[in-house]
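Taken from TrEMBL, the feature region 'Disordered' covers 1-20, 280-304. The annotation S-adenosyl-L-methionine binding site is assigned in TrEMBL to HIS30, LEU32, GLY57, GLU78, ASP106, ASN121. The annotation domain 'Ribosomal RNA adenine methylase transferase N-terminal' is assigned in TrEMBL to 37-206. Positions annotated as compositional bias 'Acidic residues' by TrEMBL: 285-301.
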Amino acid sequence: MAGGKFKKEKPPGGAHFQGGIPFHKSKGQHILKNPLLVDSIVQKSGIKSTDIILEIGPGTGNLTKKLLEAGKSVIAVELDPRMVLELQRRFQGTPFSSRLKVIQGDVLKCDLPYFDICVANIPYQISSPLTFKLLAHRPLFRCAVIMFQREFAMRLVAQPGDSLYCRLSVNTQLLSRVNHLLKVGRNNFRPPPKVDSSVVRIEPRKPLPPVNFKEWDGLVRICFNRKNKTLGALFRQKTVLNMLEKNYKTLQALQLTPEDFSADAEMAVCVSALGDTLGDMNMDKDEDEDDDEDEEMEIDDKDAKSNAFKEKVLSVLKLGGFEDKRSSKLAQADFMHLLSLFNKAGIHFS
């Protein structure tokens, strides 16, 4: 286990043991027991003999041993002090001991050192914040090969039109190339979790896309609030128009445009914070409602100034042919184009 709170407690009657150590399912402690699967993960990681490898939640070290055999060294981040002792005991007096560094602590709170590649079987409850913490890490690593809960993994790789396509998909794929490597059944773990898993490969994009990331996420957040509503319906909502008009007036009064937050250091801060806002599941609201459901939330047409701004926003959508399109069908390039059209009209999202 690598993240979340850890408290000493007596194991329940049905606790699972590995090497005499009880494992707690509630803390995400599920150890890979299939050696062929461990070998497959290491092989698909493409580890070089010169690589410094980051492992998150090493547990008793089954995967750690294979990583030490394949790379130059392993940095293992582990929250559970019992597991830390077990790791140190397991490799003490072996040729691997000098090439293993164990950091005891919460991976979400630790400052991570330099690494070339990350290979991990993580506690699933930290999936989203961990993904974006890694993508915010500088300098950028080559790739991460991580075991996720299967539905979360499918959201990461989802494409426009897929039922699981969401803000998580769009933001992750903006910053990285994501590929599904293999499905892993729950019986490959001890104790078995309640869900199946998948191994995903994440490769940070180099160079990073030329986008103001705060603006990008501001736009995408609005678009995926109701991903199956038309953009015309979404951008007619009073709360959306009020926010955009406030930004518009502030920037006009100051005669400024937003600073370029896509600068690498600033972008890293924004990306890291993103994991806290997404949540691991149910990132978007389901769309069984009619497009007219939020009609009462639209802006009052009697307010002439506000109505003029509303028309300005809608004219941008019409210009790009976006008014009748839905976020669930839009690709990265579409969101990029839409953001550029809004910005050219002086409308900003941060």
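Including glycine, each Cβ sits where the backbone N, Cα and C put it.
Unlike curated records, TrEMBL annotations are generated automatically.
Keep in mind that this is a model prediction, so the values were computed, not measured.
Neighbour density at the Cβ, taken as the number of other Cβ atoms within 10 Å, is lowest among the binding-site residues GLU78, ASP106 for ASP106. Every protein chain considered, the tally of other Cβ atoms within 10 Å of the Cβ of GLY57 (S-adenosyl-L-methionine binding site) stands at 27.
In this view, HIS30 (S-adenosyl-L-methionine binding site) is surrounded by 25 other Cβ atoms within 10 Å of its Cβ, with every protein chain counted. Residues within less than 8 Å, Cβ to Cβ, of LEU32 (S-adenosyl-L-methionine binding site) and separated from it by at least 6 positions along the same chain comprise VAL38, ASN62, LEU63, ASN121, ASN188, PHE189. The S-adenosyl-L-methionine-binding residues named in the record, HIS30, LEU32, GLY57, GLU78, ASP106, ASN121, extend over a maximum Cα to Cα distance of 21 Å.
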